[in-house]
Amino acid sequence: MSEVKQEWIDTAIEALDKAYVPYSHFPVGACLVTESGRTYQGINIENASFGLTNCAERTAFFKAISEGERSFTHLVVSGHTPDPISPCGACRQVMAEFCSPDMPVTLIGDDGVMKSTTVEGLLPYAFTEKDL
Ligand code: THU
C-alpha cells in the first residue's frame with residue numbers, strides 16, 4: 001500500500017475552508033491523486049435544494065475525470081469529526097467505478113486522527129462493470 005504524503009493530507013485539510021456548507025455546517029475536504037502525481041482538491045457543495053448536494057469526494061473525482069484523468073493512486077478525505085471521516089455510500093460507489101479495489105484511501109478526522117483503508121475495504125462486493 002503506497003504511503004500517504006503530507007502534501008496530500010494538507011491539500012485535503014486546506015479544502016475544508018473552501019467547502020460550501022451553509023446548511024449543514026459540516027465541511028468535508030478531499031485530495032485525489034493521479035498516477036502522474038497530479039492532485040485534485042474536492043469540497044462538498046450544498047444547495048438550498050438539499051438533495052443536489054455534491055460530496056467532497058465526488059467533486060474531486062468529477063473534476064479529475066472531466067479533465068481526462070482515468071488513473072488514480074490515492075484518495076485522502078478530511079472532516080471535522082472526532083473519528084476519521086466516513087465516506088458516504090454514493091462516493092464509495094464512484095470510487096469503485098474509477099479505482100482499483102486495492103487503491104489506498106486515507107481518512108482524517110480532527111487532531112490528525114487517521115485511518116488507512118482501501119476502496120474495497122470501504123465497499124466490499126461492489127457492483128461494477130464486471131457484473132453487467
Ligand atoms: N459529505 C461529504 O462531502 N462526503 C461524505 O462522504 C459524507 C457527507 C457532505 C455532504 C453534506 O454537505 C455534508 O457532508 C453533511 O451530510
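Cβ coordinates are placed from backbone N, Cα and C, and glycine is handled just like the others.
Here TrEMBL flags Glu57 as active site, proton donor. The annotation Zn(2+) binding site is assigned in TrEMBL to Cys55, Cys88, Cys91. For 3-130, the entry in TrEMBL reads domain 'CMP/dCMP-type deaminase'.
In sequence order, Val28, Ala56, Glu57, Arg58, Pro87, Gly89, Ala90, Arg92, Val94 are the residues of the same chain, not among Cys55, Cys88, Cys91, whose CB sits within 8 A of the CB centroid for the Zn(2+) site.
Per-residue confidence over the domain 'CMP/dCMP-type deaminase' (3-130) averages out at a pLDDT of 98.
In this structure, Cys88 is the one among the binding-site residues Cys55, Cys88, Cys91 with the smallest number of other Cβ atoms inside 10 Å of its Cβ.
Rounded to a whole value, the Cα-Cα separation of Cys91 (Zn(2+) binding site) and Glu57 (active site, proton donor) is 6 Å.
Calculated from their C-alpha atoms, the gap between the residue listed as 'active site, proton donor' and Cys88 (Zn(2+) binding site) amounts to 9 Å. The residue listed as 'active site, proton donor': 26 other CB atoms within 10 A of its CB, across all protein chains.
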